[in-house]
Structures are given as structure tokens and as C-alpha cells.
Amino acid sequence: MTTETDASTPLAVPDDAPPAPRPGARCFGDGDPLYEEYHDTEWGVPVHGDTALLERLVLEGFQSGLSWITVLRKRPAFREVFAGFDPAAVAAFDETDVERLLADARIIRNRQKITATIDNARALLALQADGGSLDELVWSFAPPARSGRPATWGDVPSTSPESVALSKALKKHGFRFVGPTTAYAAMQACGLVDDHLATCPVAMSRPAPTRS
């Protein structure tokens, strides 16, 4: 049975990641073109905009207990069936839509995660109605600049003080499936932190993000 707690395996460490990649190799994703592109062009790159951030939070929630490449391969279908993650459209979904999604084998068919997506869209609309934004909320928890990069995945945390605080803030606003580990994975995916290992080619070509 799926619960709304984080999976026991840290989501922040890619499931296929070797403990210490050989010098010059990617942190993760080598050998799969889709995964390589995600690693090279998305992971750790700053993401802004409420719709884009809603998508990232939702997909990280769907990944809980699964491999990220599974979610990545299904992402086009997720975008299609969830109306491009337009919050107003998703917030209007009803039980008929839930049943439609549960019958669609192209996505991860988990009732709790599907209903959480609808609830999260509604939470986002409520946040906007109060004059806020998901962008402002999420990025307010960006950590300060750090020195150096992790050498191995053993140096990468599964949570951080900022992810714990972000998780609490999101839950306070009505978001679901956003525990501290999921929040940290979202921070990685959205570029609040950049955990590419020191030997990764991306790390050598991209500075670590800092608080703006």
C-alpha cells in the first residue's frame, strides 16, 4: 500500500547511479539517450513558473518508490493526460477523470498519487488567490551558496534543513506527497541545489547555483 511518506530509498540519489562514477562519466544516465539528455540539460538547471514547478513536484511524487527513468519515459503521457499540468484544468478534475487516469496504462496508475495531483493543483490555485505563487514559495527555500561539490553519491544527502522546511510549508498550503526527501529531490530537479558530482562533465561546465 502506498502512503504519503517518502520511500525508504532516497529519491535524491538516482537509482542507477554508481557509488563513484569514473572520471569523465556522467553522474547517472549513461547508456540511455533519454536519461542522458535529462542529466545534461535538466537536472540541476533552475526551473521557474508555477506550472513547471507543479509538474516537477507531481512527477517527483509519482516517482516515490519507483525509478526516475520509469517516470521520465512516461512524462509525455503524464503531460497529455494532466492537461499540460495547467493548474486550473487539473483542479477541475472529478471522479470521472480519476477513473479515466486509473485506466490509462501509459502513466503510473496510483489512486492516491492521482488524487494528490488534483489536490496539489487546487492548493496552487488557492496560493495564487492569496497573492502568492509556487515559484516564490519554492525558491524562498533555496540554500545559500556552498563550497565544492560532492565527490560521490555518499556525499549527497537525501534531505536537508531547507527540504524539511519546504515540505512543511507545502503541506501547510495543502500540497500532498511532498515529504522532505521528495522535496529535496524536487530541489535537485528544479535547480535549487546542483548535486552533479565533482567529476561529472556537467559539473565542470556549470557553476553551482547560489541564492539570488
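Here the Cβ of each residue, glycine as well, is placed from N, Cα and C on the backbone.
The shown structure was predicted, so the numbers you read here are calculated from the model rather than taken from an experiment.
As given in TrEMBL:
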- CYS27, HIS39, HIS196, CYS200: Zn(2+) binding site (BINDING)
- 1-23: region 'Disordered' (REGION)
**Set of same-chain residues at least 6 away whose C-beta sits under 8 angstroms from HIS39 (Zn(2+) binding site)** = ARG26, CYS27, PHE28, GLY29, VAL202
**CYS27 (Zn(2+) binding site): tally of other CB atoms within 10 A of its CB** = 26
**Prompt:** By the DSSP assignment reduced to helix, strand and coil, which category contains HIS39 (Zn(2+) binding site)?
**Reply:** helix
